[in-house]
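Since the structure comes first, as structure tokens, the remarks are kept for the end.
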Amino acid sequence: MNTLFGKAKEEAKPITPKSVDEYPEAPVSLGITLVNFTGDWRTFMPVIDESKCVKCYICWKYCPEPAIYIKEDGFVAIDYDYCKGCGICANECPTKAITMVREEK
């Protein structure tokens, strides 16, 4: 979302670092989700119906976290330690093999 208006927008210069060292410090580091587990705040969790799965791996491709992995038999599985419950996997699944169910506490 662009939050600059008027003169500030006209005079703004794009930030295009030439190397990784030129990027400004950020409060989030790369790979942070591999260190921090989801916790108990998730309200919905994906459940996979292997009878509907066609092993297209679209869910794996679109998952924004390292939460979906491919098992030895070729089916996908969910690592609930990393799953945030966003539902992108269920939304993108072409065969609706993934459904979001309310997390039981």
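Cβ atoms here come from the backbone N, Cα and C positions, even for glycine.
Feature annotations, courtesy of Swiss-Prot:
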- Cys53, Cys56, Cys59, Cys93: [4Fe-4S] cluster 1 binding site (BINDING)
- Cys63, Cys83, Cys86, Cys89: [4Fe-4S] cluster 2 binding site (BINDING)
- 44-73: domain '4Fe-4S ferredoxin-type 1' (DOMAIN)
- 74-103: domain '4Fe-4S ferredoxin-type 2' (DOMAIN)
Positions on the same chain near the domain '4Fe-4S ferredoxin-type 2' (74-103), where near means CB under 8 A and six or more residues out: 33-34, 37-38, 42-60, 62-68
Of Cys83, Cys86, Cys89, i.e. the binding-site residues, those within 10 Å of Cys59 ([4Fe-4S] cluster 1 binding site) when Cα atoms are compared: Cys89
From binding-site residues Cys53, Cys56, Cys93, the one whose Cα lies nearest Cys63 ([4Fe-4S] cluster 2 binding site): Cys93
Under 8 Å by Cβ from Cys93 ([4Fe-4S] cluster 1 binding site), counting only residues of that chain that are 6 or more apart: Ile58, Cys59
Intrachain C-beta neighbours of Cys89 ([4Fe-4S] cluster 2 binding site), sequence separation six or more, cut-off 8 angstroms: Pro46, Cys59, Tyr62, Cys63, Ile68, Ile78, Ile98
Mean per-residue pLDDT computed across the domain '4Fe-4S ferredoxin-type 1' (44-73): 94
Three-state secondary structure, which DSSP defines for Cys59 ([4Fe-4S] cluster 1 binding site): helix
